[in-house]
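Taken verbatim from Swiss-Prot:
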REGION    20-71  region 'Disordered'
COMPBIAS  41-51  compositional bias 'Polar residues'
REPEAT    232-259  repeat 'LRR 1'
REPEAT    262-285  repeat 'LRR 2'
REPEAT    290-314  repeat 'LRR 3'
REPEAT    323-346  repeat 'LRR 4'
REPEAT    351-374  repeat 'LRR 5'
REPEAT    379-407  repeat 'LRR 6'
REPEAT    409-430  repeat 'LRR 7'
REPEAT    435-458  repeat 'LRR 8'
REGION    519-602  region 'Disordered'
COMPBIAS  519-533  compositional bias 'Basic and acidic residues'
COMPBIAS  554-563  compositional bias 'Low complexity'
COMPBIAS  564-584  compositional bias 'Basic and acidic residues'
REGION    780-807  region 'Disordered'
COMPBIAS  790-807  compositional bias 'Basic and acidic residues'
Amino acid sequence: MSMKFLTGLQDLLGLYETGTAASSPASPIPPTSPSMFATPPHQQSHSSATSVRKKVCQEANSSADDPDSDARIRQCSHTRTVSFPADIGLITGYHDAPSALFHSIENSNRSIDPTEILKYYREACQRRQCAPSVGVEKQIGYFHKSPDTRQELLSLKGERVSHAQMEALEEIFKRVQFNTIDFEYTFLDDDCAISLGEMIEFYDSCVRLNLSFNKQIDVRGWAAMFKSIRNAISLQMLNLRYTNLNDRSIPSLCKLARAQPSASLTCIHLENTQMSGKNLLVLICALKYNTGIRELYLGDNGLQPTDGSHIYQLISSNTCLQLLDLRNNNIGDSGVRHICEGLRNRESIEKSALSAMVLWNNNVTGASMDSLAEALMENTKIETLNIGSNNLGVEGVARLKPALVSNSHLHRLGLQNTGINCEGAIILAECIADNTALLRVDIRDNPIALAGLLALHSAMKMNTSITLLNIDATCVRMSSEKVREYQDEFERYFREIQTYCDRNKDDVLKKLTVTFEDQDHVSEDTEKENKDADNDDKEPENEDGDTTPETSDSDASADQSDSPADKEKSEKSKKENNNNEKRPLMASASTSKVCQKERHQRFVRSSSLTCAETVHDIHDRLREMSGSTHSLDAAMSAATTLSPTMLTATYGSTPGPLDASSNTDSMKTIKKTFTVTSAAPPTLALAEWGSLPALPQASPTSTPVVRKLRRFSVSPSSSVFDVATTSSASTSPIPEVTASPHPIRPSTLAIGIPVTGSVPAGPSSAPMIFVDHHTEAASPDCTNTCEEPTTSREAERKRAEETIRQRRGQKEIKDTCRAVINDLLNYVEYEEKSQVERKASLLLRNAFSRPNPEELLKNLQRAESPLTPRTPVTPSRVLEIAEELEEETDEQVCQSVVRCLVRDVLQTEKNELRSTLDRRRRHNSVRNSPV
């Protein structure tokens with residue numbers, strides 16, 4: 001090493017001994033041969049660069065064999081130079097990076113041939129030794145021929161797709177693009193997921209991808225899939241319902257959410273993916289600053305009240321999320337309060353874009369509605385709110401009333417199955433009467449009777465904005481025979497509600513028509529001015545300020561198609577492309593205007609407020625998916641012992657039968673759940689229809705929520721007046737007229753003289769009363785079934801029970817009379833009286849004085865008669881009045897007398913209602929007047 005260093009230093013400084021340099025000859029370069037540079041066979045390279053280098057070395061070595069090379073080298077070796085041939089001689093060829101056919105220029109010149117695609121698909125299946133899918137072959141035959149328009153759907157739902165079949169589908173993906181690719185319930189594994197992700201990324205195959213009900217995809221498959229989705233430029237919707245997202249695969253999803261710039265993904269479904277607790281917190285931390293996702297579905301994940309704080313962080317931090325779906329969880333009142341705090345946060349009020357929220361079936365009560373009302377009054381961006389399937393009751397509607405009265409931005413309100421009765425319907429009617437923002441209200445599956453229907457009917461007369469009011473048709477059904485003549489009248493009220501909705505809808509459409517006509521005239525004028533001025537192809541602007549690039553192209557195509565030759569060409573192209581439903585190349589100005597009108601009219605089409613499950617065979621799917629239904633099978637074995645017509649829907653409580661008519665509503669809702677006892681092993685979770693994996697075991701401190709599998713989607717649906725036919729409450733059979741201690745349900749709204757020996761059958765919401773009079777004890781020989789008390793102790797016990805029953809009956813009579821009077825007030829207040837009824841009431845007012853209700857109660861208690869059921873709405877004086885008034889029927893006279901009893905109270909309530917409405921109108925006029 002030192003010798004080499006010294007030699008190099010000597011060469012650098014040029015220190016040579018003259019005598020030595022002149023006398024001592026330098027060592028000659030030893031002759032070399034090609035064998036010296038030869039490499040072993042296993043190290044030989046066949047590249048062109050290596051062969052060139054060998055050739056240069058051989059030429060240099062051959063020169064050393066010449067006689068001149070024996071001369072002494074008297075200079076430093078650093079003066080040598082090495083040269084290489086030109087670079088262009090080293091490059092023998094090149095190959096472009098592969099690209100999909102859809103990104104090339106030749107794509108617009110080609111046409112789609114379904115026969116050719118089918119041939120290539122079958123050949124690919126034959127090479128991979130797998131059977132082609134019959135459904136795929138049938139769908140290929142319906143492909144249209146336009147290369148610039150995506151096909152609508154490619155569905156393999158319910159088929160078992162292997163890795164070989166997935167690879168064979170590439171022959172389709174490389175030639176055709178789709179709007180939706182559906183791999184729901186196809187038993188995909190990691191290899192299938194990796195191949196599918198690569199094809200979606202490379203070919204940009206779809207806009208919406210459905211991978212739900214695939215439990216066999218694990219960490220490796222999800223990592224590759226999420227990486228491909230991050231690079232997909234057109235994918236907008238991803239459905240991952242009932243998939244196996246665990247702690248190891250969620251970080252890959254979080255990388256997708258944190259990607260900057262954000263991916264094209266705007267909607268993601270994560271129902272029943274164990275997204276609660278720590279997993280939810282990790283996901284929300286990734287979504288805080290995401291600017292792409294607009295819709296997030298987190299239903300059926302067993303969210304607890306403590307998860308409400310995580311939702312608070314999402315609402316207060318994210319600025320682009322528009323829809324948050326939290327259906328079928330156990331958030332509770334405390335969790336709702338956390339969410340309301342997020343809605344009231346200053347940053348969310350200023351920057352948040354959240355406009356729709358779903359809290360369906362979250363064990364929420366009326367106690368948290370005051371917080372929700374305050375949040376709605378402060379946050380003016382919420383347009384859709386669904387709080388159905390929660391036990392809100394009248395208290396919840398009353399607490400929500402301030403927000404509904406003063407709210408001017410809430411468009412859709414879902415109150416389905418919230419325990420609203422007639423009183424709650426009257427409160428809601430007061431809110432609807434003056435509200436000008438609501439477009440749809442859903443109050444189905446609530447025990448609303450005739451009084452609530454009349455209140456809603458009166459409110460809809462005044463309302464000018466609601467285009468769809470969902471209410472059960474059972475509210476007009478009356479079980480009593482004596483009021484059967486009023487059935488047609490109440491059905492007319494029910495139909496008029498639909499008429500009022502159609503009236504409001506027509507008014508909105510007329511306004512839209514006028515707006516579009518004005519806009520069309522303005523756009524035509526601007527086009528003429530632009531053409532006359534400088535022949536500029538500048539598009540007119542629409543109402544929203546967005547330009548319509550289709551206008552100039554469509555006008556040009558319309559002008560070019562005026563000649564006969566162009567018409568013939570267009571007809572030929574139509575015949576050739578008869579399978580093409582969408583033809584953007586042949587669009588005209590009229591079609592662009594129609595599309596523009598449809599886009600603007602979407603706000604008329606209200607969103608669906610019914611959380612109905614659309615998967616009818618969900619149980620079979622859960623049972624087939626391996627490793628996911630161990631507890632569900634146990635639940636099914638326990639449920640099969642029950643009657644086929646009796647389904648239970650409770651957790652930890654006594655199971656009760658579901659109404660058989662509950663499955664006959666218009667949305668085909670599946671209301672099926674199972675009862676799992678708390679004695680199950682700790683390793684098995686609770687199983688139910690609507691969630692998998694199921695909720696954790698119930699603890700003494702927290703009670704799991706009862707969940708009916710009813711799904712919610714705010715996707716646009718038809719605005720036709722939809723009236724469900726489900727019965728809100730099952731009516732109990734009326735007992736026979738016997739001297740039994742069971743209570744009798746009166747007909748509170750059945751006004752008429754009852755037939756002797758009959759009991760009016762009232763609605764199930766009416767209270768139970770006793771008409772019990774003090775009579776002598778029955779004789780011992782009255783019936784053979786009665787047994788005499790054998791001991792004095794039994795006799796004393798029976799007497800004590802009889803005394804308690806009598807006291808209880810007297811109290812129930814008083815409460816029932818008050819309830820009857822309240823029902824009569826509501827009935828008479830909203831009823832349109834005929835001339836005959838008014839005439840009878842005037843005659844009775846002049847002839848008789850109004851009796852005191854307290855005296856009627858006392859007389860009813862003092863009267864001694866056999867134990868016979870009566871209705872308190874039929875006083876004994878009605879018979880005398882009916883005999884004196886020969887011109888009127890007995891039923892009309894009875895109705896008039898009852899109305900006379902409550903006329904003073906009615907007048908007071910009408911005055912109060914009139915003053916309240918006048919005050920509100922004055923307040924609105926002052927508020928709306930210009931300052």
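From the backbone N, Cα and C atoms, a Cβ is placed for every residue, glycine too.
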Long-range environment of the repeat 'LRR 2' (262-285) - Cβ separation under 8 angstroms, sequence gap at least 6: 212, 229-247, 250-251, 253-254, 256, 291-304, 307, 310-311, 313-314, 690-693
Summary of DSSP states over the compositional bias 'Basic and acidic residues' (790-807), given as helix, strand and coil counts: 16 helix, 0 strand, 2 coil
Within-chain partners of the repeat 'LRR 7' (409-430) [C-beta distance under 8 Å, separation at least 6 from its ends]: 360, 376, 380-394, 396-398, 401, 403, 437-453, 455-456, 458-459, 470, 606-607, 609-610, 712, 714, 765, 823, 826
Seg_contact(the repeat 'LRR 4' (323-346), the repeat 'LRR 8' (435-458)) with at least 3 CB pairs under 8 angstroms, min sep 6: no
The repeat 'LRR 6' (379-407), counted residue by residue under DSSP: helix, strand, coil: 14 helix, 4 strand, 11 coil
Within the repeat 'LRR 8' (435-458), residues counted as helix, strand or coil by DSSP: 9 helix, 3 strand, 12 coil
Helix, strand and coil totals (DSSP H, G, I; E, B; other) for the repeat 'LRR 7' (409-430): 9 helix, 3 strand, 10 coil
